[in-house]
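First up is the structure itself, then whatever we jot down about it.
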Amino acid sequence: MPETPNKVLIIGSGPIIVGQAAEFDYSGSQACKALREEGVEVVLVNSNPATIMTDPNMADRVYLEPLDARIVAKIIEEERPDGILPTLGGQTGLNIAVELDEMGVLEEYDVEVLGTSVETIVRAEDRDEFRAFMKKIGEPVCASEAVSSVEEAKEVAEEIGYPVVVRPAYTLGGTGGGIAEDEEELKRVVERGLEYSRVNQVLIEEYVGGWAEIEYEVMRDGSGNCITVCSMENVDPMGVHTGESIVVAPAQTLTEEEHQMLRSAALHIIDALGVEGGCNIQFALHRETGEYRVIEVNPRVSRSSALASKATGYPIARIAAKIAIGLRLDEIENQVTGETYAAFEPALDYVVVKIPRWPFDKFPEANRTLGTEMKSVGEVMAIGRTFEEALQKAIRSLEIGEPGLGPSPEELEADPEEIRRKIETPNDRRIFCIYAALKRGLMSVEEISELSGIDPWFVEKVKRIVEMEHEIVRRKDELLEFIRTGEADEETVEFVREVKRTGFSDEQIAELLGVDEDEIREARLGVGVEATYKLVDTCAAEFAAVSPYFYSTYEEECEALRYD
């Protein structure tokens, strides 16, 4: 291992804003702990006092200052750190590191950028450099060109053909970007994008709407060892920002050939870029032809990193921080198992679903259409043995008054054309409208998939929840008798267990049967239908777990120790 720096400056992510929620605080807190474990003095600069990372016991010294390059330069002058770690504070940290380098501050005070170098950051964040580098290493990208004016944008858009995607450089959450269907819309989006870009640059890109969006979270150390932490699949197709889409991990609809193709491409890209630490790589995949495009590379801990970390139990930010000070993947112990190392790729024997949380309840007049720019202010994550179970758990966690997946009374009575429009156009109620269409028999799985661009596999899973609801209602008399007497035959008990495995809450079942929620709970517990707990241990039970965490489900075997 190389010589460890004595003092490191970590750049925090600042306030919680649209597109940037608490995931970066989670990452920064992990990093502070990881560096102090190695005896490194940690100096933290963050403008947000309402975070975990600014707690007194997280860093040796905390500066609550605006996240501005000139202010960070003064802190560097005062503290004289050996290194700066900018990859844990989201886009803000990267932008400040690049500005400090351009100002000559890092060279003047002999401060090393730890982990991913400034050159690599620029190569991934500058739209022109990224496109040129991907072509150089033989990875396919969308036809695109970086521009700095509206007139240039018009010329490029005419050449590529409408619609086009506008992506500002050095921004987070698609801020300032969008999809332009015509010249008038292009002018509006480009003007806004240039205003938001730190370097007055936007990328005009070929639109691959309807292609599947797949992400890989990848780790690499300074010796070139690489692993994939996990794959993630957006339920919505390309055209909706990954932070605005329901995301499932691991990817559910990829063939083995597609998975290996994209995994190999992800490892090739992180190695060629020379990223040291965590990296998120986004792909667009055409199902029919098998073609793919590299959409974006985030050479930092990102929103998706926080999801991948919690989904797998693999502490990405902690390991990225240790890699930044010179440790290799095979030197960093996996704290969950206590006997494997960070070079061991996580294995998942469960399904994780992430759903964004939009503030439309606070802003009822806002435009609810979703696109390439984020509108959500947070997200929830749920774990289950099946996609259906995890999806219903996640919907309950949103705290929007829904006990699970099901349409609102308005959606049950809405005009069929209104339901079709809401399925065709991405919006926060799309998954509920798909449920309504299936429940009302308005559309088939194939029609919904064709209209929305959502893979039929996901629509089939929603259909299974609808069918389970119908079956509960069909067996209403039998279930009410069970609730009244507390007695049931084996078939009924197994049916109740299957209902719970599909993610139905006691409240949902009670609403369908017209009884009290407590009656459902009492009856099922009386016949042994109770939650069991399964491990999130990074290795699918291949090794014993020292410090795992658990998720609840309704299988026979419980992996948690019971204390009666």
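Just so you know, glycine gets a Cβ as well, placed from its N, Cα and C.
As written in Swiss-Prot, here are the features:
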- 1-399: region 'Carboxyphosphate synthetic domain' (REGION)
- Arg127, Arg167, Gly173, Gly174, Glu206, Val208, Glu213, Gly239, Val240, His241, Gln282, Glu296: ATP binding site (BINDING)
- 131-325: domain 'ATP-grasp' (DOMAIN)
- Gln282, Glu296: Mn(2+) 1 binding site (BINDING)
- Gln282, Glu296: Mg(2+) 1 binding site (BINDING)
- Glu296, Asn298: Mn(2+) 2 binding site (BINDING)
- Glu296, Asn298: Mg(2+) 2 binding site (BINDING)
- 400-560: region 'Oligomerization domain' (REGION)
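Per-residue pLDDT, averaged across the domain 'ATP-grasp' (131-325), gives 91.
The most densely surrounded of the binding-site residues Glu206, Glu213, Glu296, judged by C-beta neighbours within 10 angstroms, is Glu213.
Sequence-distant neighbours of Arg127 (ATP binding site) (same chain, six or more apart, CB under 8 Å from its CB) are Ser144, Ala146, Arg167, Ala169, Gln201, Val202, Leu203, listed in sequence order.
The C-beta environment of Gln282 (ATP binding site), restricted to residues of the same chain at least 6 apart in sequence and closer than 8 Å, consists of Glu213, Ile214, Glu215, Thr242, Val294, Ile295, Glu296, Val297, Asn298. Under 8 Å, Cβ to Cβ, and six or more positions away along its own chain, Val240 (ATP binding site) finds Glu213, Asn234, Leu370, Gly371, Thr372, Pro426. For Asn298 (Mn(2+) 2 binding site), the count of additional Cβ atoms within 10 Å of its Cβ stands at 24 [all protein chains shown].
In the three-state DSSP scheme, Glu206 (ATP binding site) falls into the strand class.
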